[in-house]
Amino acid sequence: MKCPAWDKGHPAWLGLLHPGEQDSCAVAVPMAPEWTFGLSFQGLAGPRTVGACRPHPASLPFTILTFVNAPYKRGFYCGDDSIRYPYRPDTITHGLMAGVIITATVILVSAGEAYLVYTDRLYSRSDFNNYLAALYKVLGTFLFGAAVSQSLTDLAKYMTGRLRPNFLAVCDPDWSRVNCSVYVQVDVCRGSPANVTESRLSFYSGHSSFGMYCMVFLALYVQARLCWKWARLLRPTVQFFLVAFALYVGYTRVSDHKHHWSDVLVGLLQGALVASLTVRYISDFFKVRPPQHSPEEEELERKPSLSLTLTLGEADHNHYGYPVSSS
């Protein structure tokens with residue numbers, strides 16, 4: 001079968017045909033699956049798999065959607081230029097993004113909580129170790145918000161089924177079955193079913209929402225914990241690089257033809273909003289803490305207070321009220 005002339009010459013097909021297949025429309029596009037973060041207190045799972053870690057209850061929506069893996073099948077118009085872009089590999093790979101986020105989170109939170117506990121600026125009334133209790137609260141809050149963010153993202157992805165900019169390159173339609181004069185709703189894709197499913201999950205960007213959530217969460221953590229006078233310039237500098245990384249990830253999703261600009265914008269806004277609400281209403285980052293008392297002071301507070309001064313009449317009587325003999 002011959003490809004239509006306008007198809008072979010369109011940018012969506014340039015550089016995709018293998019040698020000896022110039023007269024065929026069959027295109028093999030190796031498309032990596034979109035990264036979904038299976039979140040629990042054990043860490044992050046792999047790409048679109050629910051692994052050994054137990055998911056947080058807030059992650060149930062995207063866990064269920066990942067198992068079902070059946071997004072809304074939206075049709076397309078042959079003349080839609082927004083889905084004709086060629087396939088390009090990821091500039092920010094899933095491994096690189098996870099590595100940067102995990103490393104930044106572990107370093108900032110672990111070092112910050114350790115220093116604050118060591119200097120007695122942060123304490124817990126828990127019977128557990130002060131440092132582990134503080135670390136548990138921060139990471140628990142972080143993972144809860146991340147699960148909420150990813151659940152909202154996957155709900156939008158699977159319910160809307162918006163086509164990615166490189167949809168035609170991944171779908172590889174059988175043009176002999178396509179009637180370009182109408183809205184194409186029939187399944188005409190010859191590409192890998194898994195890759196075609198991924199190409200229907202454009203809105204909104206999971207990279208952008210998760211990256212912005214993590215970076216804004218860490219930026220607010222730095223704002224709350226790094227509050228000394230000598231850190232007046234260090235604090236905004238660290239926050240700038242955190243947010244700049246999240247923005248850079250979003251920009252690459254557009255240049256790599258994985259998302260439309262509106263997908264990235266909504267993802268960035270959603271991630272920032274969830275992070276802000278999580279820190280504001282769930283975490284204790286900006287909680288005003290009373291001064292810590294020493295163990296001796298706490299022991300005295302538990303004991304009933306006794307008057308050490310006795311009147312002259314009380315001194316002449318014992319605790320039963322009888323007069324004390326002088327002999």
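We count from 1, first residue shown onward.
Just so you know, glycine gets a Cβ as well, placed from its N, Cα and C.
In TrEMBL this protein carries:
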- 139-279: domain 'Phosphatidic acid phosphatase type 2/haloperoxidase' (DOMAIN)
- 96-118: transmembrane segment (TRANSMEM)
- 130-149: transmembrane segment (TRANSMEM)
- 201-221: transmembrane segment (TRANSMEM)
- 233-252: transmembrane segment (TRANSMEM)
- 264-282: transmembrane segment (TRANSMEM)
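Panel annotation: around the transmembrane segment (233-252), residues 90-92, 97, 100, 104, 205, 207-208, 211-212, 214-216, 218-219, 222-223, 226-227, 264-265, 267-268, 271 of the same chain, lying at least six beyond its termini, place a Cβ under 8 Å from a Cβ of the stretch. With a threshold of 8 Å between CB atoms, the same-chain residues lying at least 6 positions outside the transmembrane segment (264-282) that come near it are 141-142, 144-145, 148-149, 152-153, 156, 203-214, 216-217, 220-221, 224, 246-247, 250-251, 253-254. Taking DSSP states H, G and I as helix and E and B as strand, the domain 'Phosphatidic acid phosphatase type 2/haloperoxidase' (139-279) has 100 helix, 3 strand, 38 coil. If you look at the transmembrane segment (96-118), the same-chain residues 6 or more away from its ends with a CB under 8 A from one of its CBs are 35, 37, 43-44, 130-131, 134-135, 138-139, 142, 207, 210-211, 214-215, 218, 221-222, 225-226, 242, 245, 249.
Confidence annotation: the domain 'Phosphatidic acid phosphatase type 2/haloperoxidase' (139-279) carries a mean pLDDT of 94 in the model.
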